[in-house]
Amino acid sequence: MLYQNQMLHYPFITLALWGMIMTSLICLRQPDLKALIAYSSVSHMGLIVSATMIQTPSCLAGAMMLMVAHGITSSMLFCLANMMYERTNTRTLAMMQGAQTILPLMTTFWLMANLTNMAIPPTINLLGEIIISSTMFNWSQPTLILTGSTTAITAIYSMYMFSTVQQGKMQKDMINSPPQTREHLVLMLHMMPMMLLMINPQVITLT
């Protein structure tokens, strides 16, 4: 009976994991900043769907961690994208280059958001992904190929997004307006929960 249930879940989990890879590849060729962030969120949803299909306590705990973690991360990335849009009046990545020359502190927030999106230690993004990936590997070894590939592609497009927006020659059309207090406040309100959850991730799983 357990084997039959496992085989029943295979098509849905495979579809979710394959969707992760497809959306991650779309991110690599995405010229629109907000669309890139949106597709990144869809990619992470595939891992959450796979975890909820397996329905083990550890997978559900990992899915809950990843949902909360990526909710904060993607919200911060969208806020940063909107701040760039207010200065450039465009969402095209090629037209946003050179932001670090006039907004060095915002570059730090960009770096933190992208590193969190990549799930580096000691973020809860990494903890959630490790819990889900290890449980899925115990459930079915071939899933490691798809999850590993997606993790690598996520790292590539996250650094591509950061380097494209922050580095390079500053565009002439960019509005050289100083960072505002409201912008720093919004970004700090994203950073603080991230830091607190790194210290005590058990709050999410209620264990």
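Our numbering is plain: 1 for the first residue shown, then up by one each step along the chain.
Yeah, the Cβs are placed from backbone N, Cα and C, and that goes for glycine too.
Remember, it's a predicted structure, so these values are computed and weren't measured experimentally.
If you check TrEMBL, you get these features:
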DOMAIN    5-153  domain 'NADH:quinone oxidoreductase/Mrp antiporter transmembrane'
TRANSMEM  12-28  transmembrane segment
TRANSMEM  35-54  transmembrane segment
TRANSMEM  60-81  transmembrane segment
TRANSMEM  102-124  transmembrane segment
TRANSMEM  144-163  transmembrane segment
TRANSMEM  184-204  transmembrane segment
- Message: Under 8 Å between C-beta atoms and at least six residues away from its ends: which parts of the chain pack against the transmembrane segment (184-204)?
- Response: 61, 64-65, 68-69, 72-73, 75-76, 79-80, 105-106, 109, 112-113, 116, 122-124, 127
- Across the domain 'NADH:quinone oxidoreductase/Mrp antiporter transmembrane' (5-153), DSSP yields 125 helix, 2 strand, 22 coil
